[in-house]
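Asker: Have a look at this one before I ask anything.
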Amino acid sequence: MLEIISGSSVKKLDADFIADRGISSHRLMENAAQAFCGWFEKKYHRNDKVGIFCGHGNNGGDGLAIGRLLWRKGYDIIVFLVGDFDRASADCRLNRELLPDKLPAITMNDEDIKHMEFDLNVVIDAVLGIGVNRPLEGNILHMITKLNGLSEVSKVAVDIPTGLPSDECLKGEAFRADVTVSFQFPKFSLMFPEHAAFVGKLHVVNIGIDRNFLSQFSENKFYLQKKDVVDRHISFSRFSHKGDFGRVLLAGGSYGSMGAIKMSAEAALRTGSGLAACLVPQCGVNIIQIALPEAQVLSAESENNLGKSYPQDSLKRFDAIGVGPGMGTNSDAVSFLKDFFTRYHGPKVIDADAINILAKEKELLNELDENCVLTPHLKEFERLVGACTNHKERLSKSMVFSKKYRCIVVLKGAHTCISFPDGRQFFNSTGNKHMATGGAGDVLTGMITSFLGQGYSVENATLCGVYQHGLAGEIASVYKKRGTIATDIVRAIPKSYLVLKID
Ligand SMILES: NC(=O)C1=CN([C@@H]2O[C@H](COP(=O)(O)OP(=O)(O)OC[C@H]3O[C@@H](n4cnc5c(N)ncnc54)[C@H](O)[C@@H]3O)[C@@H](O)[C@H]2O)[C@@H](O)CC1
Ligand SMILES: Nc1ncnc2c1ncn2[C@@H]1O[C@H](COP(=O)(O)OP(=O)(O)O)[C@@H](O)[C@H]1O
Ligand SMILES: [K+]
């Protein structure tokens, strides 16, 4: 698993790695530059006019090395030096000396920054990296503001956009990248939604520091990638029958919100459940039977919301239950949830209105079973724990919540964060903005519930569910883009298995 390490530990990590491997720091910088160029060559054409803006630290050193390597490969490169090069780091200095004489390198003073017109197709930002220790000001601020104002230019940040602190929320301005190419692991602050406009798309390149080495610096934060989930899947045999694939129940729905539970159940079936049933109020029975003939339907006695009277004895038939989508929060729904918590202690996913009820009826939190999975989006989470001033605070509160109630918290959004009671946090790498559409969360509930029902451990069900849900969203939106809707994500689940090569 790929560790996410704080910026303050990176210096020590680099130093230890260099000592351990007997290589020079220059070699490591060269590896980083080569890894960047490997990515760059796949994206940009040699006709592009590329400006590389370099500072005087090691990020600038990376930029200078990138300039040299791309120039040698025939790219049209201009290097702009921004910063105090009398104080340049040793590797930055060395890479400046290594610049070929014919490669144009222009030192930028404040007047140049004000007046220079840039004729570029691509801007590479290597002014500051994780060494930033104060808000941008002066020369650098003017340069970054000017670069941010350039239109029709592709903007790429090296390691981290200039100005963005690696582990904190941004104060002031930063480079607004279209793509950030981060070295070895994504820096923590690249996971914060506040920084979306600065990070752009995120790409991580390997610079040769192996995972075992990184794990010595573990801070219990991980970036969840394909290789982390593939082996967590259960294989089924040729003789498997539908019982092996699990029976799951999705409980929720209310008058006007029946689609939510239908989508959860359909997602569970598409994820492979042997049997999916819906528990809905009376008004939902016909709807579900018509909309999803593959699902069984259990009905509560009440007309419009789930209530206290429902087929309670049936609960024990199910290997896992997802509760909450479309359920409503009125008194009937509250009494249903209270009763449900006392009766069902198997694997379960608690989502949407079930979370909203927990937020209103805090004493119910004490009824949460160990290892249940809660899947709040940011607003639902804040209803649960109170307002947060920024994402860093939210992440830390989700860890506290997970430890306190011994449950798994799936804090949804871009880079969904999964917190486990033992202190680990996983940040998802799949998904995109086209998943920000009504019902996408209901699909996730169905998927995690399905994996739980198939016999996955709660850890594996959650990690596989979150990763594959994002993957299905990516597949669904390839052509549909912002026209993607939640049922498209459901329909893309089978293809996500093909991508993962799991049958
Ligand atoms: N393992 C890794 O992750 C590697 C990291 N490398 C690169 O090294 C970078 C870190 O290098 P450094 O530690 O030299 O840090 P930077 O390159 O970010 O620059 C630090 C310098 O900028 C100054 N500075 C900080 N904030 C400033 C501000 N707001 N305005 C003006 N000056 C400011 C500091 O006083 C210091 O002199 C990484 O981001 C990455 O690009 C690579 O070279 C190799 C390996
Ligand atoms: N910008 C984004 N990038 C990646 N995933 C996203 C993004 N926006 C939303 N998602 C995912 O889509 C789902 C939305 O869930 P949620 O907000 O509960 O929707 P709903 O309540 O409508 O079902 C979550 O799993 C979330 O992680
Ligand atoms: K940078």
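Heads up, the Cβ atoms here are built off N, Cα and C, so glycines get one too.
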Asker: Besides Lys412, Gly413, Ala414, His415, Thr416, which of Gly386, Gly439, Gly441 does TrEMBL list for that AMP site?
Answerer: Gly441
Asker: What does TrEMBL list, out of Asp16, Asp20, Asp101, Asp125, as binding the same K(+) as Asn59, Thr162?
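Answerer: Checking Asp16, Asp20, Asp101, Asp125 against TrEMBL: the K(+) site match is Asp125.
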Asker: For the binding-site residues Asn58, Asn59, Ile130, Asp159, Gly413, His415, which residues place their CB under 6 A from an atom of ligand 1?
Answerer: Asn58, Asn59, Ile130, Asp159
Asker: An 8 Å radius from the center of the Asn59, Asp125, Thr162 Cβ atoms defines the neighbourhood of the K(+) site; name the other residues of that chain inside it, in order.
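Answerer: Leaving out the recorded residues gives Phe53, Gly55, Gly60, Gly63, Ala126, Val127, Leu128, Gly129, Ala157, Val158, Asp159, Ile160, Pro161, Gly163, Phe175.
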Asker: Could you tell me which of the binding-site residues Asn59, Gly413, Ala414 have their C-beta within a distance under 6 angstroms of some atom of ligand 2?
Answerer: Gly413, Ala414
Asker: Show me the subset of Ile130, Lys412, Ala414 whose Cα is within 10 Å of Thr162 (K(+) binding site); these are the binding-site residues I mean.
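Answerer: Checking Cα-Cα distances against Thr162 (K(+) binding site), the binding-site residues within 10 Å turn out to be Ile130.
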Asker: With every protein chain in view, what's the tally of Cβ atoms within 10 Å of the Cβ of Ala414 (AMP binding site), excluding that atom itself?
Answerer: 18
Asker: Taking DSSP as the reference, which of helix, strand or coil describes Asp125 (K(+) binding site)?
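Answerer: Note: Asp125 (K(+) binding site) is in a strand by DSSP.
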Asker: Checking your reading of the structure: which of the binding-site residues Asn59, Lys412, His415, Thr416 lie inside a 10 Å Cα sphere centred on Ile130 ((6S)-NADPHX binding site)?
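Answerer: Taking Asn59, Lys412, His415, Thr416 one by one, the ones whose Cα falls within 10 Å of Ile130 ((6S)-NADPHX binding site) are Asn59.
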